[in-house]
Amino acid sequence: MQKKKAGNSKQVKNMLILFIVLVLAVIYVFPLYIAFANALKTYDQVILDTAGLPSPVVFENFVTVWNQIAYPRAFMNTLFVTAGSLLGILLFCGMGTYMLVRRPGKISNIIFMTIVSMMVVPFQSMMIPLIKIGNRLHLINSLPGLILIYIGCGVPFAVFLYHGFIKGIPRELEEAAMIDGCSVYGTFFKIVLPLLKPITTTIAVLDVLWLWNDFLLPMITLSSKELRTLTLSYFFYFGEFVNQWNLALAAVILAIIPAVIFYMFSQKYIVEGITAGAMKG
């Protein structure tokens, strides 16, 4: 009898968990459905029946958006900023964190704690000083300038993850390489960097999704139409008096498709990197 009660209790618990998961899935999927469905409607259909299926299906929205926002140019701007920022974050943070870990001391600890403490500072509180400094350094309204700002913003998170991972790498491997004649740079690039692949991949995936989808920083730094990123391009479908919902949502879909495809092929690396980091810890 007790076994039967325990079995029923476990079944009820599993059903409750399944119900909660389904509710959460609906909460997350429903906005995507709204975006896809309304991107295939006329403006009047969006206003009259927001949650309904498109009838008839209007593909012209995507053609209109493609031409109006100059999608290929906006795509290349976004790709350039994302790739340049990611390369800078991975290169500088990997090398810098390696030196902080392998040269312990009060100064290294102070530098590490100062960098990591910036993770808890809201970006909005730094916007005005950032714009003032950016203007003086001629980084505003420039894609290379935006890349430099992104690198600075991405350093704390990357250093935090790299620091814990590098501490788990045995020093004996580096000492053996140096005995064989490797320099510090040779040891890092030939020995340490390959061992950092799991956490590097995790940082890369998370940063790509952040850089590709970011809106606030491009909005406050880019004023030229030719330099707009994808997220900045579809923002201008929203006006003070008129919101072109069908075109705006079509632009949103075109902007997120590359990020969704990237995430589908790279999500396993996030799990692998986190698992490897936990094992190192």
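Any Cβ shown, glycine's included, is placed from N, Cα and C.
Note that TrEMBL annotation is computational and uncurated.
Feature annotations, reproduced from TrEMBL:
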{"type": "DOMAIN", "residues": "75-266", "note": "domain 'ABC transmembrane type-1'"}
{"type": "TRANSMEM", "residues": "12-36", "note": "transmembrane segment"}
{"type": "TRANSMEM", "residues": "74-98", "note": "transmembrane segment"}
{"type": "TRANSMEM", "residues": "110-131", "note": "transmembrane segment"}
{"type": "TRANSMEM", "residues": "143-166", "note": "transmembrane segment"}
{"type": "TRANSMEM", "residues": "187-212", "note": "transmembrane segment"}
{"type": "TRANSMEM", "residues": "245-265", "note": "transmembrane segment"}
Same-chain residue ranges lying at least 6 outside the transmembrane segment (74-98) that approach it to Cβ under 8 Å: 143-144, 146-148, 150-151, 154-155, 158-159, 162-163, 166, 188, 192-193, 196, 200, 203-204, 207-208, 211-212, 218, 227-233, 258
Selected stretch (most C-beta pairs under 8 A with the transmembrane segment (245-265)) from 12-36, 110-131, 143-166: 12-36
Spatial neighbours of the transmembrane segment (187-212) far in sequence, C-beta under 8 Å, 6+ residues away: 78, 81-82, 85-86, 89-90, 93-95, 98, 150, 154, 157-158, 161-162, 165-166, 169, 173-174, 177-178, 230, 258-259, 262-263, 266-267, 269-270, 272-277
